[in-house]
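Engineer: What follows is a structure written as structure tokens; I'll ask about it next.
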Amino acid sequence: MGSKTPETENHRDHGDSPSADGISRNGGEPRGSHNSRDGDGCVGDLVNEDDSDDDDDKSNNNGEPSTTSPDAQLQTESTSVKKKKKKSKKKKKKTGSGAKQQSNPPRVPLSELFPTGDYPEGEIQHYTKIRTRTAEERHNARLQFNSEDGEFLKTYRKAAEVHRQTRRWVRESVKPGYTTLEIAEGIEDSVRALLGHPGLETGDSLNGGMGFPTGVCLNHEVAHYTPSPGKGVVVKQQDLMTVDFGVHINGWIVDSAFTMAFEPTYDDLLAAVKDATNTGVKTAGIDVRISDVSAAIQEAMESWEVEINGKTYPVKPVRNLTAHDIKHWHIHGGKSIPFVKNSDQTKMEEGEIFAIETFGSTGRGYTRDDVGMYGYGLNYDVPLTTSLPLASAKRLHKTIRDNFSTIVFCRRYLDRLGLDRYLAGLNCLVQHGIVEAYKPLADIEGSYSAQFEHTLILRETHKEILSRGDDY
Ligand SMILES: [Co+2]
């Protein structure tokens with residue numbers, strides 16, 4: 001799940017600046033030193049009482065963008081020469097012989113596939129820079145980590161394995177003709193089955209479930225699109241599709257995303273954004289400054305020019321989205337990593353979990369709020385007891401606390417709990433600042449954007465890329 005930053009520059013074309021307010025209302029931002037804030041909590045506007053108009057036309061192909069190409073031939077050369085990439089190493093530890101196999105679509109709980117609880121570890125990357133620490137720092141790190149290390153890592157690796165097995169279905173079985181609703185629900189059915197938490201009983205989804213609403217974005221849709229109840233659009237052969245979903249176990253969230261296509265014309269764009277994300281992953285480390293990670297990401301992304309359907313585009317990092325740290329129950333922990341140069345001296349710290357993601361676009365490299373709604377999440381710092389004018393809002397508030405806590409959810413997740421006629425209550429909660437609402441984010445029509453994202457943990461001697469798979 002992407003995180004939105006407020007932006008200082010003027011946005012001339014659309015006049016729809018992403019509300020610069022809302023940031024302050026968003027709690028969970030304890031460290032003040034970073035300048036690029038986790039703005040995902042922006043309530044764009046509070047309109048949108050009913051979501052009946054979302055899932056608007058997903059077609060593109062207006063052939064609009066055409067950023068001019070310099071020299072196509074030269075570009076092709078440089079692309080192919082520049083980017084010879086070695087495969088990310090995979091280290092799949094298989095559990096015992098004769099273990100059960102996952103079904104397709106995946107529905108076998110992981111507890112049956114890994115009866116010993118030894119889930120595959122992520123990719124291990126060693127730090128590029130040695131750090132020096134005081135005895136006290138080392139002591140604190142051990143306190144935080146070592147005692148519960150085993151259980152904590154098991155939990156996180158299990159969530160990552162659920163993500164890998166679920167996305168395998170998307171990457172191998174989803175074809176043009178599927179609707180975005182079938183894809184989102186397929187993912188959600190899979191995640192819940194693999195976790196063994198259907199999430200229908202009150203509180204069950206707090207033990208494990210979706211980390212946020214499944215994002216399925218097509219073409220110029222950059223982030224935060226999820227089908228409305230009963231709606232969805234048919235994915236076409238020529239569509240570029242980004243899938244972003246999270247898996248949580250007891251509030252610990254794995255956040256990972258990928259972009260896929262059914263035609264080779266997008267291969268370079270996918271490679272560019274994958275490169276940018278992997279560069280960010282490689283750069284991340286204890287005591288590494290956010291500004292340094294951003295600079296590395298930007299340089300990698302902008303080193304690419306890509307050809308799509310015969311047109312050449314520079315790949316622009318999306319300037320108002322960021323990578324982010326993850327805290328317990330909080331998808332955005334308060335540190336944000338932009339994909340463009342900045343002077344944020346905030347450092348990454350031992351024990352922190354980061355969702356390193358990047359978005360690249362052939363459009364403006366800037367998103368605007370689109371119509372419809374993505375999801376809702378309890379504001380972190382709101383007191384449990386608040387006076388609300390609507391009884392339905394009070395009831396809904398309790399339902400949200402009992403089933404999602406501060407995990408971001410969408411209307412489909414309320415519907416499957418059997419709730420109905422909750423929109424007035426929901427809007428009331430948004431208007432009172434108890435619940436934050438998140439809008440879909442798009443670049444200009446006719447553009448294409450891609451995203452790759454991994455969740456990693458900064459351990460004492462190395463980082464573990466928890467969500468790494470042999471796919472990306
Ligand atoms: Co994310």
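In case you wondered, yes, glycine gets a Cβ from its N, Cα and C as well.
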Engineer: Look at the divalent metal cation 1 binding annotation in TrEMBL, where Asp244, Glu453 are given, and name the residue from Asp255, Asp470 listed for that site too.
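Structural biologist: Answer per TrEMBL: Asp255.
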Engineer: Among Glu350, Glu352, Glu357, which is the one TrEMBL gives for the divalent metal cation 2 site where Asp255, His324, Glu453 also bind?
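Structural biologist: Among Glu350, Glu352, Glu357, only Glu357 appears alongside Asp255, His324, Glu453 as divalent metal cation 2-binding in TrEMBL.
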Engineer: Quick one: of the binding-site residues Asp255, His324, Glu357, Glu453, which has its CA closest to the CA of His332 (substrate binding site)?
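Structural biologist: For His332 (substrate binding site), the closest Cα among Asp255, His324, Glu357, Glu453 is found at His324.
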Engineer: Could you round the CA separation between Glu453 (divalent metal cation 2 binding site) and His224 (substrate binding site) to a whole angstrom and send it over?
Structural biologist: 14
Engineer: Please check the binding-site residues His224, His332, Glu357 against ligand 1 and give me the ones with CB under 6 A, sequence order.
Structural biologist: Glu357
Engineer: Under 8 Å Cβ to Cβ from His224 (substrate binding site), same chain, six or more residues apart: give me those in sequence order, or none if nothing qualifies.
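Structural biologist: The answer is Met1, Gly2, Gly215, Cys217, Tyr374, Gly375, Tyr438, Lys439, Pro440, Leu441.
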Engineer: Around Asp255 (divalent metal cation 2 binding site), which residues of its chain at least 6 apart sit with Cβ under 8 Å of its Cβ?
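Structural biologist: Asp255 (divalent metal cation 2 binding site) has long-range Cβ partners Met1, Gly211, Phe212, Asp244, Gly246, Ile326, Ile331, Ala355, Glu357, Glu453, Thr455, Ser467.
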Engineer: On a simple 10 Å Cβ count over all chains shown, which one of the binding-site residues His324, His332 is most densely packed?
Structural biologist: His332
Engineer: Any idea which of the binding-site residues Glu357, Glu453 has the thinnest Cβ neighbourhood at 10 Å?
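Structural biologist: Each of the binding-site residues Glu357, Glu453 was scored; lowest Cβ tally within 10 Å is Glu453.
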